Amino acid sequence: MVVGATVRTLGAWPSGWRHPDAHRDPAGDPRVLRSLALTAESAGLHFLYFGDWLATGPEFELTDPYLLARIEPLAAISYLSAVTERIGLIATVTSAHSEPYSTARASASIDLLSGGRAGLSLSSGAEPRSAANFGRTNVHPDEDRIEAAGEFIEILRGLWDSWDDDAFVADAATGRLIDHEGVRQLGYVGRHFSSAGPLNVARPPQGHPIVSVVGSAPGARALAARQADISFLAPNSLAEAIDVYRATKEQARYLGRDPAHFLLITPILPIVAETREEAWKIYDDLVGLVPVETAAGVDAGVALPANRTIRRLAGVLGVSLNGVIIDEAVPATIAARFSPLGAELVALVNSRSGRTIGGYRPVTYRHLLVAHAVAAPVLVGSGIDVADYLESWFLASATDGFTVLSAYLGGQFEAFTALVIPELKRRGVFPENYAGATLRENLGLPRPANTLRSAAFGSERSPLLRKR
């Protein structure tokens, strides 16, 4: 089982930063990132993953505070490469707003500096405000963006292959620094991107840094199956995960790839404590920190997203909620009239908090509203509970592993590494130690052969990647 962590210094829970133990000052991010990386590496996690979003605005304060201020991902993994020794470091790059050459150069450099631990995650860039930040007035259709991302990856791999591993002869006696047959042009001309090559960085220690693609949409899944080492997918249920896993692996096989060398990774937001009851208490506290509409109006005088209002909850539940108090228990007589979606929300609240309709820990309207409004893959329980869940998905061939989000930094990530990882190791589904020095070795992925080796510098390049 692969286990990594998705890093959000202000936490992945909308108001996790308000928790008394939480980190909440972006000025302290360097210290927090260093501490998190060392904790993750000590536990044996495979990678740290840095997502990205190239726009921001005050409204994210209530929904996604981690988007307000975040360190650029390539800068973050470069910084952490100097303070860690074994853990992989994956940075997101948006193909719509980046250039393949500079990305290939930066990632090859970080791979060299880290001893072969770098990875990239490709985002195709669908957000209009991000486009505006780069002087673009429109966002291209999905099929164009996916095609462009595919070209971007082809150029990356071609540039990484523009040097042979042994191209630097460094023979001081003869004055021969390089083998001229070991360096070659790329000459890629595509519909969206072009690059002449060669790269002015030696071939990376991994051959190619790890390439991943995020997204469950058909286009993103197809791109990943064709060209990525990792696909980050977020299925809604175990049954869906099994179906998607089987279909995506089969798609990779159909494209001529070994499915064992293509990993599917699932996000999870565990809230962990020594006991299930303690974890329920942490979850209840986090629910109480999310600003929602109350019977008297709005908590804290803030402008709320529409999905945090009692009116929206009433529409989901299919019942009138006129006059209800947000923190009162839901009566059984009212719950009996809930819509099917409302019944699903009750079950979701029960799975996260142990609360039941009419129970000694009753379901409240606040719990239902937060469960509806916060779309996160939350799992609440003891270390054994969380390990049970992860192991069950892994053994069911629903995923190759997980990337862990933390509700807040300053306790929850440490709880996961202290309580869940040792249990997974005890069960034999997570490795006791790192398997090798590079991220590829630790993920069980082979080092790619050089696709351009047959074309010498200055000659017509191999047609393998040629676009017209």
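Glycine is no exception: its Cβ is also placed from the backbone N, Cα and C atoms.
Now, the feature entries from TrEMBL:
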- ASP52, THR92, SER216: FMN binding site (BINDING)
- 21-288: domain 'Luciferase-like' (DOMAIN)
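Here the features listed in TrEMBL are placed on the structure.
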| residue | record | DSSP (3 states) |
| --- | --- | --- |
| ASP52 | FMN binding site | coil |
| THR92 | FMN binding site | strand |
| SER216 | FMN binding site | coil |
Q: List nothing but the one residue from THR92, SER216 whose Cβ has the fewest other Cβ atoms within 10 Å; the candidates are the binding-site residues.
A: SER216
Q: Would you mind pulling the longest C-alpha to C-alpha span across ASP52, THR92, SER216, which the record has binding FMN, in angstrom?
A: 17
